[in-house]
């Protein structure tokens, strides 16, 4: 198998005001994906193909398409695969990035952090601590604490496909 057959491509089109469409492409290596056999992870049979791609294969849903992007309902967001509580709706804020954003997880240890070198500069990937499902990425020092008067200057950029909201 050559190196090109091992690469997968996700293409996202974004329109910027006054400019042509810019195609942003993310490449990742097949070996970075989670195998079905690894770590005794059981994948929920009720997951949609998109949820499987995001949680297991570390894909990213298209921006501004997620079910929870504009949701303001009170509750706790759980992992779509293993049902572990991950984020409180109280920690959700509008970062206008195209994905739901949270400034902290529901409790310490709910998520794990991993270095992601798939794009430059390197990012920090966030995963469910129980099943290892890919949630998204975390960004620090963007100024949200001062801009929106948040307790932390952290943005957890999370795919809606990796979450289920359990309303209060």
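Cβ coordinates are placed from backbone N, Cα and C, and glycine is handled just like the others.
Helix, strand and coil residue tallies for the domain 'MsrB' (40-168), in that order: 19 helix, 42 strand, 68 coil [DSSP]. The domain 'MsrB' feature in Swiss-Prot is assigned to 40-168; the stated evidence is sequence analysis.
Around the Cβ of residue 82 (Zn(2+) binding site), a 10 Å sphere holds 17 further Cβ atoms from the protein chains shown. The Zn(2+) binding site annotation in Swiss-Prot covers 79, 82, 128, 131 and is backed by sequence analysis.
On its own chain, residue 97 (disulfide bond) has 63, 155, 157 as residues at least 6 apart in sequence with a Cβ closer than 8 Å to its own Cβ. The disulfide bond annotation in Swiss-Prot covers 97-157.
Other C-beta atoms found within 10 angstroms of the C-beta of residue 157 (disulfide bond) number 20, with every protein chain shown included. What Swiss-Prot records for 157 is active site, nucleophile.
Fewest other C-beta atoms within 10 Å: among the binding-site residues 79, 128, 131, that description fits 131.
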